[in-house]
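Contents: one structure, followed by commentary.
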């Protein structure tokens, strides 16, 4: 069984993902620490990247969402922050009971709490991609009520805990959650079987950005 899981995880690296092309369209780069290192802004966007992605934002969907939010609200009004630290975005953590490591969950929780204590007036939006969705789901579901209430909206792409969590983030508003799971993406069905459908999520960026913008009104 472990050998099968390992082969499935290795497939995450062997199916081509157009990261370079996406990075060319995402000007913010793959590391963002504007919550940790910058001033408080009207909107704070916290993102957890997919397995094997570099930096704390990754090189695919996270930077695109950050770019779109900054374009809509103006750059100085949005702080983008990736989940880094103990979140290594390694493959083996996908096999853990919560779909990621406890260290990764704790790091995301630290950032949500930081937004609440450092910038109590900011509106928080968040998102995750693949393993990053497991990070977000486990963290957000366990936040204190006052911290949860600050989160206006969450978008999850290829939600690896979709089946286990019944298509939602436990103990968090479904109205403030938007989940994208492609037909044929078996990871959304509670497995580690990877198909090409697992990578075809860039098309949802405009709608996901619009959802977050509507939740921020």
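Quick reminder: no glycine exception, Cβ is built from N, Cα and C everywhere.
What TrEMBL lists as active site, nucleophile is 130. According to DSSP, residue 130 (active site, nucleophile) is assigned to coil rather than to any helix or strand.
What TrEMBL records for 185 is active site.
Residues or ranges marked as active site, proton donor/acceptor by TrEMBL: 198.
In the three-state DSSP scheme, residue 40 (disulfide bond) falls into the coil class. Among the features that TrEMBL reports, disulfide bond is placed at 40-119 (among others).
Secondary structure from DSSP puts residue 181 (disulfide bond) in coil. Residue 181 (disulfide bond) is surrounded by 21 other CB atoms, counting those within 10 A of its CB over all protein chains shown. The disulfide bond annotation in TrEMBL covers 181-188 (among others).
Sequence annotations record features per position, and here TrEMBL assigns signal peptide to 1-21.
Checking each of the recorded positions (40, 119, 185, 188) against residue 130 (active site, nucleophile), the C-alpha distance stays within 10 Å for 188. Annotation: 188 carries the greatest number of neighbouring Cβ atoms among the disulfide-bonded residues 40, 119, 188 [cut-off 10 Å, Cβ to Cβ]. In the structure as shown, the Cβ atom of residue 130 (active site, nucleophile) sits within 10 Å of 32 other Cβ atoms.
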